[in-house]
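Listed features, source TrEMBL:
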type     : residues  : note
COMPBIAS : A:1-10    : compositional bias 'Basic and acidic residues'
REGION   : A:1-24    : region 'Disordered'
COMPBIAS : A:11-20   : compositional bias 'Gly residues'
DOMAIN   : A:46-89   : domain 'RING-type'
REGION   : A:190-275 : region 'Disordered'
COMPBIAS : A:195-227 : compositional bias 'Basic and acidic residues'
COMPBIAS : A:253-262 : compositional bias 'Basic and acidic residues'
COMPBIAS : A:263-275 : compositional bias 'Polar residues'
Amino acid sequence: MSPVSKRDPRLGGGGGGGPDGELHTVMRGLSLQAPMPTDTGPAEVCPVCKSSRYLNSSLRFLVNPECYHKMCESCVDRIFSHGPAQCPIPGCRRTLRKHRFREQTFEDIQVEREVDIRKKVQAVFNKREEEFEGLREYNDYLNDVEDITFNLVNNIDVEETGRRFEAYQKANEKEIEENAQLAQQEKVSFSAMQKAERQQARERRDAARREENDERREVEENKRDVLNRLASGADAETVAKEGQQVQLKKRMDRQAATERQRQLQAASDSRNGSSNFVVKGLKAKQKAEPEAPIDPFGGIRIASKYFTLQDHYVWEGIQDTQKDVKHIAGGYDVRDYTHRSLCAAFSGLGVFIADEMTERDRATQDSEAIGTVRADIGLKDSLMADPL
Amino acid sequence: MATSPALDVPAEPPAKRRKVSPEPPGRNDTLAATAASPPAVADLAEQLDEQERKKYVKGKKIGSGQYADVFSAHLVTNPTKLVAIKKIKVGPEVKEFGISYDSLREIKFLQELDHPNIIKLHSVFSTKNQNLNLVLEHLPQGDLLKLIQDSQGITYTPADIKSWMLMLCRAVYFCHANSVLHRDIKPNNLLIAANGEIKLADFGLARAMADPFQPMTYNTITIWYRPPELFFQAQHYGGAVDVWSVGCVFAELIAREVMFRAWPENEINMVKIICEKVGTPTEDNWPGVSKLRGYVTPGDVVPLRPREEWLANFRAIGDIGVDLLIKMLTLDPRQRLTAEGVLRHEFWTANPRPSRLEDLPRKGGGVEAMGESLKQRGGELPRDGGGAANGRADRVARKIDFGNMKK
Ligand SMILES: Nc1ncnc2c1ncn2[C@@H]1O[C@H](COP(=O)(O)OP(=O)(O)OP(=O)(O)O)[C@@H](O)[C@H]1O
Ligand SMILES: [Mg+2]
Ligand SMILES: [Zn+2]
Ligand SMILES: [Zn+2]
């Protein structure tokens with residue numbers, strides 16, 4: 001079996017030219033097209049230089065998330081050390097950069113790719129549970145994110161999904177960055193917790209891998225079963241038919257899942273009344289940035305834009321006060337008086353009757369029940385902000 | 001009622017409310033006039049009263065003071081909207097003028113001041129027998145005094161003190177910036193809202209800052225929290241009187257005991273204890289003080305207490321905090337920080353950061369239990385017992401943290 005003979009037709013090996021060749025910008029550097037299957041040759045032989053692990057036990061294989069084609073470390077060094085170059089795998093014309101090559105974590109290159117996509121999606125859809133009104137809304141959101149991921153992983157509506165992904169990212173740039181920082185902080189301050197989580201993640205990964213191995217073994221067993229039964233003289237036609245049925249059923253399952261996914265997507269599209277991702281059930285933002293510096297004034301400063309207070313006013317009453325020891329020693333500050341007088345003098349200037357009427361209607365019961373008149377106070381310029 | 005008969009009467013003990021002389025009438029007399037207005041207007045007023053009164057369902061008594069009883073109540077239309085109704089007791093001046101002065105002050109200033117750390121007055125209505133009812137914001141967490149005194153049940157940190165003090169200082173700054181002197185700042189007039197916010201309450205002794213040469217009473221502010229200039233009978237003073245009281249509250253929060261607790265509670269003993277703890281007011285540290293009418297100091301001159309002594313007594317709040325305290329409890333009101341100066345002090349932005357509202361200790365039910373129940377979001381039911389975290393994992397759609405799978 002030649003490494004390239006069984007390339008997935010969807011790969012559109014035409015590189016730059018074909019409709020699939022141009023990756024959507026969002027996912028640039030991450031192949032959305034399913035890469036070629038892994039079973040393209042003995043895992044121990046480099047498809048480029050044909051070096052084999054039998055001869056060189058330290059041989060290391062690397063992949064680049066641009067196309068996920070596997071090759072050995074020395075090939076990577078040789079081909080990409082002088083700058084970006086084309087993937088040497090025949091038919092793949094993607095331009096690869098050396099720094100993006102890495103070791104494959106998962107045996108199955110599909111899993112490898114899915115993990116990459118998930119990481120990418122999660123970096124953008126990084127909303128936190130506490131931002132939602134409730135658990136329900138949060139779960140709905142996770143579900144939507146899963147839909148997106150599923151589409152990208154399974155090459156459903158890649159163009160459209162990518163476009164909406166990008167639109168979402170642009171629209172939520174700031175929140176995404178904030179949440180990323182928050183997550184970073186938590187990582188630092190709760191490193192112990194992180195450790196435990198990493199442990200859990202490892203367990204989950206192991207579980208996923210086990211599951212996958214099981215699946216593969218099942219397929220193989222199935223195949224072997226067919227062969228055995230044929231070998232033991234069973235009717236070839238029946239066995240073939242049964243085998244086909246099993247295969248058919250699996251394909252139908254897959255198709256059904258895809259179809260269901262499409263329907264869900266369509267439903268949620270019409271629900272949102274727009275083709276962009278809209279996250280629903282978010283709590284109204286009210287929490288202040290946790291690390292914003294303390295403003296002792298709490299955002300409220302009483303200052304007038306109409307006048308500046310002077311230290312001295314030429315008016316007998318004021319000058320007398322400033323000379324009177326009983327005023328001075330008692331802590332009477334004549335500036336309080338001049339300030340108040342100026343406030344009163346200017347208090348009409350920033351007032352718009354219409355606003356005042358609304359304000360009064362809102363608070364009718366306050367004043368009218370006892371017939372007081374709201375006194376003028378220099379509040380027009382004050383600004384309210386969240387406490388602490 | 002232009003001159004005050006009470007001016008020279010010694011203050012009553014702080015446990016009881018001082019009957020302060022009526023302030024020079026000014027804007028107040030329109031109010032008094034309305035209350036005793038002719039029948040035609042009274043009818044309309046009565047109708048409005050009736051309307052307002054019928055909006056609330058009165059519940060049980062939640063507090064009582066010298067001049068008022070406070071009831072919990074809720075809106076007829078919405079039982080979850082709680083309010084507090086402060087029913088003013090009928091005093092002698094009500095018989096004379098138709099309305100109590102304390103409640104007049106309270107209504108007048110609360111209507112003017114709209115600030116997150118000042119108690120909100122929703123509305124006012126009166127009942128047939130001239131009883132005034134103030135519909136106030138409901139503040140179910142008690143007052144700061146209860147927290148200070150519960151030294152067995154409640155511990156708090158310097159960050160908590162900073163948080164409470166900052167809220168108090170913002171409220172005082174706001175009053176002063178609007179030309180209002182509170183004149184009764186003390187821990188039991190600092191009420192605590194459901195979310196932990198401090199609310200400056202009880203404006204029964206408040207007044208507008210006076211014009212030059214317009215005398216004010218010096219017989220005001222609960223005696224332990226009263227500044228030296230008032231003991232020396234200054235009749236022209238300013239926001240500095242409140243700043244002294246704030247300083248007393250600050251010291252009390254740190255030491256968990258009243259800073260100037262004179263016993264028996266009289267002016268002489270108060271001046272004595274202030275001299276002991278801060279230093280004797282003299283022309284040197286307070287120019288002009290000897291010209292004040294009531295200036296007397298006991299015995300030998302005590303030099304101003306050195307900073308080291310303050311530091312030793314209030315170590316817990318740190319150097320910067322002690323610096324602020326000293327500047328609030330400065331004898332000469334002109335050298336004392338203004339409310340704005342207080343907010344400009346570096347204490348607030350220095351470490352530690354003031355506690356967040358949800359982290360502040362509260363009374364009752366144990367700090368732990370309280371803290372828990374308050375972390376719940378509004379209207380949210382407690383998550384089913386013990387396995388909150390585990391139970392959740394099952395109900396949340398599977399979310400694997402792929403970011404952590406590879407470095
Ligand atoms: N808005 C409110 N919500 C809850 N409780 C309140 C409220 N207002 C007052 N109280 C309670 O009622 C008590 C008396 O209230 P307040 O201090 O306003 O009355 P007062 O007559 O001025 O009392 P005093 O002169 O003794 O300080 C308070 O100590 C407090 O426990
Ligand atoms: Mg009170
Ligand atoms: Zn090679
Ligand atoms: Zn390639």
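Including glycine, each Cβ sits where the backbone N, Cα and C put it.
Nobody curates TrEMBL annotations by hand; they come from automatic prediction.
Here the structure is a predicted model, which means the values were calculated and not measured.
Counting residue by residue with DSSP, the compositional bias 'Basic and acidic residues' (A:195-227) contains 33 helix, 0 strand, 0 coil. In the predicted model, residues of the domain 'RING-type' (A:46-89) average a pLDDT of 90. Summarised by DSSP class, the composition of the domain 'RING-type' (A:46-89) is 8 helix, 8 strand, 28 coil.
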